[in-house]
Amino acid sequence: MASSKELCSIREWAPLTEVIERIPARLQRGFFPANLNLTCVDATEEFLAMGSDAGIVFWYNRHTGEMQKLKAEVATRITCVRVVNSVEYMVAAGCANGQVSIFQIQKELPRDLDLVAPCTKSRPIERYTIRDLHKCVVSCCEWSKNGMKLYSGDRQGVVVLTELDYQAHLSKSVEILSEAYEIVQLSVRQSYLLVATLYRCIVCQMDAQTSQWNITQVGKKDRKQLIDCGAIFLKKQEANKPQLVCGRPGLRFWVADAAGNVSKTVIFRDAVLRSPTWEIPILNPKQRSEPSGTHHTSASTSSTRHSGLADGDVGYVASSNFRQLYLYDGHDSLLVTHDDATLYVLNLDRLKVEAVARGLRKILDFCVCGKEIFVLEGNRTLLRLAPLPEPPNKTAKVIFNPLMPPPVPVLGSHLSQLESPIELQAEPVLQNAEECFELSPVEQLNLNVPIEIAVESPLTQQNRRLEIFRRIGEMDFEQSIVHTTRKTSVGKPPEASGVGIVEIGHETHELRLPLTNAATLMEASYCQMENNGLASPLDMKAAFLQHLPDALSPTTLQKTVAEKAKTLAAELDLPEVHLAPLSQEELHAVQAQTPQISDPLIRCYPTHLEEASIQTSSRENATNPADDYHVGEPVDGIRSFGVSKRKMAPLKFVLSQPKPTLKLEENRDDEEYTSFLPDFRRAGDPLAIHKETPATSDSNTSSEWEFLDN
């Protein structure tokens, strides 16, 4: 049996954040995302199984920190989950639609069989689905010890037995019991099945000869009210029949045998009102509403509340009945049960509450694995209560609460040490010498102080610390300390604060430009790495301007262009180019070598936008109705148009074979430049009288004509 010292060391050592963080907070259901909530929990020494309202069982490995998803056939709420450690891990999950999904998970080979591991073939997870037997929500399920049989019960009182054949991969299900009320809890011991309903508790045994189930009611008195009390088999036996304990109204228990004979009645009404042996500390307890002017310690609080209770009231009990029952560490005398928001560890032999956890907000489900108690407090809150902290795995970090007092050491327990003690070896003495040390000052002890005041109990110390945190939580702080809002100017850079506050997750030496938006930010420069190899964010303007010279300095610009010219000449094997301003003599020499163009030729080119434009329609104010040959008409084959009726000019064609030389007639008064291009002199004054353009060719074949590419 577990000693009282071991029970007094039960506490919540660290939050299970590593487990909860691996479960997604939201899940896509149809077109809209929804929150993912946990509904039930079960545990073994190596794994945790957590059901959810999305039809997924989360299978968490406590040694490696890995998380797997076991999906049911239908994505509906999982109401109960049970795990058995047999040849393989068997996980049963009851759903709200009446289906039961069974998952068969292969075990890993032990370390001494690592040589055989490459020869074996890992099998995938297999799923069996039980349909059409449960018509409503499955309330509970229970495995046999070898994992070959599964018993499941629903809210209509139907109990179904499922037998599994792992070799043939078959399952056979049959209905064995139909009660009138909801099944609360199931317990299996050898060939006996203990069924606890809202109305009564019965024992079922299968006859090997007739294959019929014999039903026996526990006790002769029926319940006067419908309560959801559980029942469980004990390990001890009398006359080759297992013993059982079942709950009764009014915080009572019946201890009976498999034949239904009640041996004794255990009442815990007075024991619950008394102060428990140990109050389990919780990291984030719920603040209890207390009477005004009451400052409590562990002893004064219990005595005050016990004396102030009226007749028929129960102290901390939210309801006057216990719920499901489990054995603590396999001991028959220690029961773990709960009500709405309080967890109890009861001692049946001493009629005493060994430990109690009162700081829970709500208990959705709980399970017991040896000396560990896992409590599902909320939709995403899982607590672990144990005398020792969780052993570290490959990914999780062990977080101890420094505010909690150290637990009482359990002497003689094999779990009292997480690691083997370090063996100290004597070091060889290099040289004998005398060590000098300073004596501490001698302090006088006051022997008149009583022992009760000098030694503070762990429970009193814990309550005192909880009172300090409660007072801190009730203090009224300014909201601006927690939530600050400030507006930064767009035109001015942010001023550096001298207070020394560093924002978590940001670098303090990062350069921020005020006129840079998010679209122009770059992750890092391709040519520059800062912060010891880490890329610092730069904006595009700063990334390019840091390599450019000052545009306002002519000297710097001239040097930069000269270097560029030398580099280009070296790459292209060109003679070296010297960039320098031209002198007046060189400028006059260049102007002297440039041929002078006559003034009439210069006037041929248009100098204004109106002169260079092409006219495509008739002009109403035209004074000279002479033909215009440069407004889109072909050079050859010109037709004369009347003054009164003017049409649009057809497409313009030009001879593709121009004369080989260009001639400039100098003897004529009106100098004319002949070329294959249009006469730009006519563009200067379209209303002037021009001579008839001579024909350029006698042939009008299509091979000599092409479109003019303007």
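Note that Cβ sites are derived from N, Cα and C of the backbone, with glycine treated the same way.
The repeat 'WD 1' annotation in Swiss-Prot covers 31-70. Per-residue pLDDT, averaged over the repeat 'WD 1' (31-70), rounds to 94.
If you look up Swiss-Prot, you'll see 133-172 marked as repeat 'WD 2'. Counting residues per DSSP class in helix, strand and coil order gives 0 helix, 23 strand, 17 coil for the repeat 'WD 2' (133-172).
Annotated region 'Disordered' per Swiss-Prot: 283-307 (among others), in sequence order.
The compositional bias 'Low complexity' feature in Swiss-Prot is assigned to 292-307.
According to Swiss-Prot, the feature phosphothreonine maps to T488.
According to Swiss-Prot, the feature phosphoserine maps to S553, an assignment based on experimental evidence.
Residues or ranges marked as region 'Disordered' by Swiss-Prot: 612-635 (among others).
Look at Swiss-Prot and you will find 613-624 (among others) tagged as compositional bias 'Polar residues'.
Taken from Swiss-Prot, the feature region 'Disordered' covers 685-710 (among others).
Residues or ranges marked as compositional bias 'Polar residues' by Swiss-Prot: 694-704 (among others).
For the repeat 'WD 1' (31-70), the list of distant contacts is 18-19, 22-25, 76-83, 85, 89, 91, 93, 95, 101, 103, 105, 125, 127, 364-367, 369-370, 372, 374, 376, 379-380, 382, 390, 393-396: same-chain residues at least six beyond its ends, Cβ to Cβ under 8 Å.
Look at the repeat 'WD 1' (31-70): DSSP puts its residues at 0 helix, 26 strand, 14 coil.
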